[in-house]
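The block underneath contains the structure these notes are about, expressed in structure tokens.
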Amino acid sequence: MVTTNAPSLRIAVLGAGSWGTALAAAASRRHPTLLWARGAAQAASLSIERENTRYLPGVALPAALRFSADLDQALDFLGTDPDQALIILGVPVAGMSSIMAELALRLPLRGMIRTPIVWTCKGFETDSARLPHEIVHASVGELAGMACGVLSGPSFAREVAQGLPVALTVASRHERVIRAVTAALHGAAVRVYASQDVPGVEMGGALKNVIAVACGISDGLALGTNARAALITRGLAEMTRFGLALGARADTFAGLTGLGDLVLTATGELSRNRRVGLEIGAGRKLDDILASGVTAEGVRCARAALARAHSLGVELPITEAVCAVLFEGVAPMTAVSALLAREARQEGSTDVQP
């Protein structure tokens, strides 16, 4: 059973992007927390300004939050009791392999290999089309004693950093990961739910970004809210089909990390994926949008998701349409017409079978 009355934890958040910073801010309101940045200049700026001026400008960070650019210092901050420590990874998918290899090397030297580790990245690895848990397994294998999981859900970093309400899901096969994350974050403005469905939680977080790009394109074309609702609903079916083929549970996609995250990312004004889609629908070129500094995980992982699905024999028509528009020069309205021209089919439980 999950409980929230555990003694104070010591928490190291590795990665000072928007989401790592937001979670560090939330955790530091309850427990001693250190945020690790890759560069000394960024760590110094965070410490002096008490603000992440690059990723979360205008959001004041709690006075108790500490900063460092030294990974050894960040791990030493955890102390010597792995049962009273937690590592939160705020690095992107592309950085997962290297940071896990570092932890697999450094934690045993401190007698801290049992420290719970949870990652927060969403998406597929570009070259391999692997989900984060698959990257971890390939990097460190079943390292004796290491307990890992994923933290995900419908959340914009800025709102979490500001202390606004949010509900998240932690998924792991290890109960101590679920206990640690719940103790670290649950309470006040953050509600934490537990799951054991790691692939399902990761799939929801990955594919919702692609579907959000599609919804943005639809909105940019002024196709109306009916069209957006159709894309969200059919996108959920797409996500579920794909997830089942990777061993996920269907009911996971009706929860926070499936439907919840999809609705937020497809409709929210802070959604970068939706924003890219809006610009595409309005006629701008992808290269111009990306050159302006906008980043969107849905753009980065769309082709990897489609390739992985094809290898499993899973049909992803919306994802395929997004790839055609983003990378093959297909006009947005042409892609919409192709989706509308697909054969009629029955909706229901058979619709999501892999």
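From the backbone N, Cα and C atoms, a Cβ is placed for every residue, glycine too.
Record check: Swiss-Prot places Ser18, Trp19, Arg38, Ala157, Arg272, Glu297 at the NADPH site, and the matching candidate among Lys122, Lys208 is Lys122. Site annotation for sn-glycerol 3-phosphate in Swiss-Prot covers Lys122, Gly153, Ser155, Lys208, Ser271, Arg272, Asn273, and the matching candidate from Asp219, Asp261 is Asp261.
Here the binding residues for NADPH are Ser18, Trp19, Arg38, Lys122, Ala157, Arg272, Glu297. Their largest Cα to Cα distance works out to 23 Å. The Cβ of Asp261 (sn-glycerol 3-phosphate binding site) lies under 8 Å from the Cβ of Ser152, Gly153, Pro154, Ser155, Gly204, Gly205, Lys208, each of which sits 6+ residues away along the same chain.
Counted over all residue pairs in Lys122, Gly153, Ser155, Lys208, Asp261, Ser271, Arg272, Asn273, the record's binders of sn-glycerol 3-phosphate, the longest Cα to Cα distance measures 16 angstrom. Close to Ser271 (sn-glycerol 3-phosphate binding site) in the fold, though at least 6 residues off in sequence, lie Phe156, Ala212, Gly216, Leu264, Thr265, each with a CB less than 8 Å from its CB.
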